[in-house]
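Just below is one structure, and these are the notes that go with it.
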């Protein structure tokens with residue numbers, strides 16, 4: 001075997017690190033993998049482990065090539081179902097795994113490592129929380145350890161890990177600098193749409209829809225108020241307005257869907273003299289467009305419009321965490337006047353649907369001609385007839401409202417909101433259902449609210465002459481604690497509504513110390529969302545203005561260059577390149593710098609050890625530099641202890657300095 005070929009053989013040290021990185025790098029991407037992609041990746045991992053243990057041989061190239069072609073063809077066929085971006089990600093992952101089992105030399109390893117870094121970056125398309133990002137930094141460090149192992153075959157596993165992680169840590173200041181000063185440029189291309197399951201509220205609501213969300217402890221959004229926040233019972237986070245009802249399902253009206261499709265706004269911020277609330281919302285990824293705000297909400301954040309039903313709507317799908325500012329005017333009326341078209345829409349009911357509810361509503365209309373008194377009587381009806389609140393109501397038949405209102409008398413917010421809306425319409429009062437979230441969990445450490453999916457709620461808006469749309473919440477008549485204290489207060493002591501989130505940290509709330517820790521960790525993630533994920537061009541300009549005053553090109557260039565120089569000096573010092581000896585003899589200084597670097601690599605020089613004896617130690621422990629260090633030692637002894645002619649000393653000194661620099665660079669790279 002030729003020496004060059006021998007150097008390219010992958011050591012078992014590198015193979016072990018490759019096994020580790022291959023096992024962990026695909027875990028954050030599991031939700032983007034098709035089942036058969038996961039199966040192929042698993043087979044490749046097991047096969048590589050068999051190769052590592054010497055149980056199986058490497059697959060022939062024809063097999064790997066056939067698998068690659070078959071995978072590419074299959075992905076081309078299913079891309080329309082999973083989305084172009086997901087298809088490309090699956091293709092890259094398959095290429096990564098197939099290359100992993102057919103590696104034959106160090107060049108192949110370097111390719112796998114580079115693709116690994118790309119996969120780590122792709123993972124950030126789906127999740128960018130603080131703890132997830134920290135996990136990706138750890139995975140990047142493990143990937144770096146693979147590279148280190150290619151050139152440090154003689155060191156132990158923990159030493160390779162130390163070097164790999166230290167390289168990542170040393171790169172963080174440079175990353176922070178680039179994060180601060182690199183311009184926030186608009187994208188040069190459109191990202192292919194990723195077909196990912198939508199989360200949160202739906203624009204079609206039936207009796208079981210919100211009940212499904214109440215079993216999820218996933219975070220929906222966070223809110224931080226400027227000043228004193230409202231009380232829990234005032235936190236009605238408006239998301240969707242549902243005006244069409246077919247007897248089974250509530251949906252948005254077509255006129256609203258048309259405005260959404262064309263991104264047409266309808267209202268501007270009122271010149272209101274009443275009180276208002278300023279707050280910022282950090283919405284989690286949902287792959288939907290609707291946003292959240294308290295009545296009546298307006299936002300001047302880019303890509304947000306307000307629709308005629310007083311909802312905030314993002315013109316772009318929320319494919320990542322999105323921060324926006326809101327100003328709400330609680331005292332501003334909604335639609336003092338109502339057009340005939342909107343009135344008819346909100347009075348419309350399907351024929352032959354829920355006849356007994358219609359009869360009940362007409363009785364209310366006959367007894368209470370005044371709309372306000374009629375609505376009060378309807379609200380009180382829920383209390384008088386012994387209804388109760390439950391997340392597991394009995395099933396209903398085709399006449400849903402009749403069965404719930406007059407038979408079962410048990411349900412949650414959608415049941416009560418649907419019943420009141422139908423009764424109001426049947427009695428001649430325009431009404432509609434509103435869905436969103438109610439309440440929030442207060443984080444006293446960072447002073448913000450967390451709103452979770454299980455806080456999803458439905459309520460009713462009725463239209464009254466000279467007052468506009470008024471909110472009524474029939475759930476407050478059945479379970480006032482649900483509104484006053486929030487969902488957590490009503491169901492305190494029982495986490496059965498977390499059935500879809502068995503590992504949620506919210507289960508720790510009953511343990512004070514653990515809950516305090518949970519709140520602290522949540523606060524860290526909140527600040528990460530505010531200062532890192534929300535670091536847009538406006539914030540960048542504010543930070544640079546505080547650091548530099550008036551921002552100019554010259555100041556920005558000087559700041560970047562000086563910061564970069566400082567970072568490089570720190571890295572050079574930590575590598576042992578800037579530790580100068582008080583000895584003015586440049587020969588001794590250069591020799592001692594090499595000795596200090598050798599000490600970092602585990603080859604220490606004793607105080608009683610001479611140059612020749614130390615050279616023998618280096619030859620035994622670091623054979624990869626034995627030849628160069630032996631020659632350096634010869635030059636050192638000649639310069640320090642022999643009589644040389646002026647020309648001979650000059651040429652030997654030049655050779656010594658050149659060789660010492662070469663050795664320093666080689667030791668740094670090891």
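The backbone N, Cα and C atoms fix where each Cβ goes, glycine too.
Looking at 12-30, 183-201, the stretch flagged in TrEMBL as transmembrane segment turns out to be 12-30. Among the ranges 61-78, 205-222, the stretch that TrEMBL annotates as transmembrane segment is 61-78. Range with TrEMBL annotation transmembrane segment, chosen from 36-54, 226-244, is 36-54. When pLDDT is averaged over the domain 'Transglutaminase-like' (405-476), the result is 91.
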